[in-house]
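*Asks:* Please see the structure below; I have some questions.
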Amino acid sequence: MLAFTSILPLFPTILNYYSKEGHRDWLYDISVKGLQSFQEAIGVPHSERYDKVFFGGFLGSLFSALQFISSPTLGSLSDIYGRRAIISLCCIVTFISYVNWLKADTFAYFVLARILGGLSKGNINVATAIVSDVYTPEDHPKGMALIGISYSLGFLIGPMIGAYFSTIASSTDSPFAAPAIFSIVLTVIEFAFLFFLPETLDLKEQKSLDDIKKTRKELITPKDLFQFTAVNAPQDKKKEMQKIGWIYFLFLFLYSGLEFTLPFLTHLRFDFDNMQQGKLYLFTGLLMLPIQGKYVRKTPIEKQKAVAEFGIACIIPAYLLVAVAQTPLVLYAGLFFYAIASATVVTSLTSLVHVIYPQNEKGVLAGIFRSLGCLARALGPVISSTFFWLLGATSCYIMGALLLIFPLILLKRLENPTAKKTV
């Protein structure tokens, strides 16, 4: 997460870098021409500043779309070959993607690095499967909170490091050379740690390769994902999972819009530089860390539904405050509520869906749930960036706040899946 988050505050600067002569290539020119044709078709005036918002949304969606393809497959393969083997493979491909990022002197090369990075980010999914191996269903929130704390630490430190390295880069260097080297070093250290990671998969629960081939369609097709077709569970249990899956998808679809367009909003509205962008993530991470470590992790499983409801309720004022923010103070007030939602919703919903699932094929369930999130993030940034580009930030964020009422209502109407286990 440290390596992954170091690039987040740099997107506006990176896109500016590739728009200049010497780094602007055929892929960038084709993208600009296609965007201009779309603008002419719908009658929107051309604006180079807002074009970069759309490009950023496209890259964010591309990255998550590749995760959508790879995560469930890698999760299922970890049920065959073990967690260590698959997470090691992800680590190697991640290393290659960061090397490509370091050498990316053209836009096409940078896109290639993002493609490799998206395909290799199944390590988060495998880590979730490891948590399911180690923790009992009742203690699952504690394990998920550890992953949440890792997210918080990554968002706390990574963006600041990336922003700092970009500010000290010389005029002859690319603005991301040092962050790329930093990511490469961290990936090497991660790979070294894997030698000390014990295999957590029970060999008796291993699936055959034939089973993986049989369920490949079920792990990739959106319809099958929403129906949890690959899960070998009673139909009543599947219906409970499907409801949680839809809530999870709708929340992340809308949430990811704010998450990805935030650096562009602050760059356009407040003229924030990379370091100021990094401070936004620092502020959010400082809030998320104690919430996950002292609150979410210690909340019993039967109260996780209430935690998720509170988190979704907080993201609504977050959107509204960011929408109307004309001063950094109001912006940070919105980020306060944003941090609460970031620290609670995903962790709590993931714990809830694992409670109602039988104790086998944990990698499949983790892959499906993770893939639903990737699908939401694949659609969210590009759609949010399009509305940001067409309507402006204020209208885009207000619309997002109103739409977030729907997953909140669905969650409140959902019967607590832990109630039956308690009985």
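Numbers here mean position along the shown chain, with the first residue as 1.
A Cβ is built for glycine as well, from the same backbone N, Cα and C atoms used for every other residue.
Below, the features straight out of TrEMBL:
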{"type": "DOMAIN", "residues": "1-419", "note": "domain 'Major facilitator superfamily (MFS) profile'"}
{"type": "TRANSMEM", "residues": "53-69", "note": "transmembrane segment"}
{"type": "TRANSMEM", "residues": "81-101", "note": "transmembrane segment"}
{"type": "TRANSMEM", "residues": "107-131", "note": "transmembrane segment"}
{"type": "TRANSMEM", "residues": "143-165", "note": "transmembrane segment"}
{"type": "TRANSMEM", "residues": "177-197", "note": "transmembrane segment"}
{"type": "TRANSMEM", "residues": "246-266", "note": "transmembrane segment"}
{"type": "TRANSMEM", "residues": "308-329", "note": "transmembrane segment"}
{"type": "TRANSMEM", "residues": "335-357", "note": "transmembrane segment"}
{"type": "TRANSMEM", "residues": "364-383", "note": "transmembrane segment"}
{"type": "TRANSMEM", "residues": "389-411", "note": "transmembrane segment"}
*Asks:* Based on Cβ pairs under 8 Å, which of the stretches 81-101, 107-131, 177-197, 246-266, 335-357 lies most in contact with the transmembrane segment (308-329)?
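*Replies:* Looking at each of 81-101, 107-131, 177-197, 246-266, 335-357 in turn, the most contacts to the transmembrane segment (308-329) are made by 335-357.
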*Asks:* Between the transmembrane segment (177-197) and the transmembrane segment (246-266), are there three or more CB pairs that fall under 8 A, provided the residues in each pair are separated by 6 or more in sequence?
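*Replies:* Counting Cβ pairs under 8 Å, fewer than 3, so no.
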*Asks:* What average pLDDT does the predicted model assign to the domain 'Major facilitator superfamily (MFS) profile' (1-419)?
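*Replies:* That region's mean pLDDT is 83.
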*Asks:* With Cβ-Cβ distances below 8 Å as the criterion, list the same-chain residues six or more beyond the ends of the transmembrane segment (364-383) that contact it, or say none.
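*Replies:* Apart from its flanks, the transmembrane segment (364-383) reaches 54, 56-58, 60-62, 64-65, 67-68, 71-76, 79, 124-126, 128-129, 132, 207, 215, 219, 222, 225-226, 228, 230-231, 245, 248-257, 260-261, 346, 350, 353-354, 357.
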*Asks:* Where among 53-69, 143-165, 177-197, 389-411 do we find the most Cβ pairs under 8 Å to the transmembrane segment (335-357)?
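*Replies:* Looking at each of 53-69, 143-165, 177-197, 389-411 in turn, the most contacts to the transmembrane segment (335-357) are made by 143-165.
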*Asks:* What residues elsewhere in the chain lie close to the transmembrane segment (143-165), defined as a C-beta under 8 angstroms and at least 6 residues from its ends?
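*Replies:* Contacts with the transmembrane segment (143-165): 1-10, 124, 127-128, 131-132, 134-135, 176, 178-179, 182, 274-275, 277-282, 284-286, 288-289, 292-293, 296-297, 342-343, 346-347, 350-351.
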*Asks:* Which residues, given as numbers and ranges, are at least 6 beyond the ends of the transmembrane segment (177-197) yet have a Cβ under 8 Å from it?
*Replies:* 2-4, 6-7, 10, 83-84, 87-88, 91-92, 94-95, 98-99, 101-102, 161-162, 165-166, 168-169
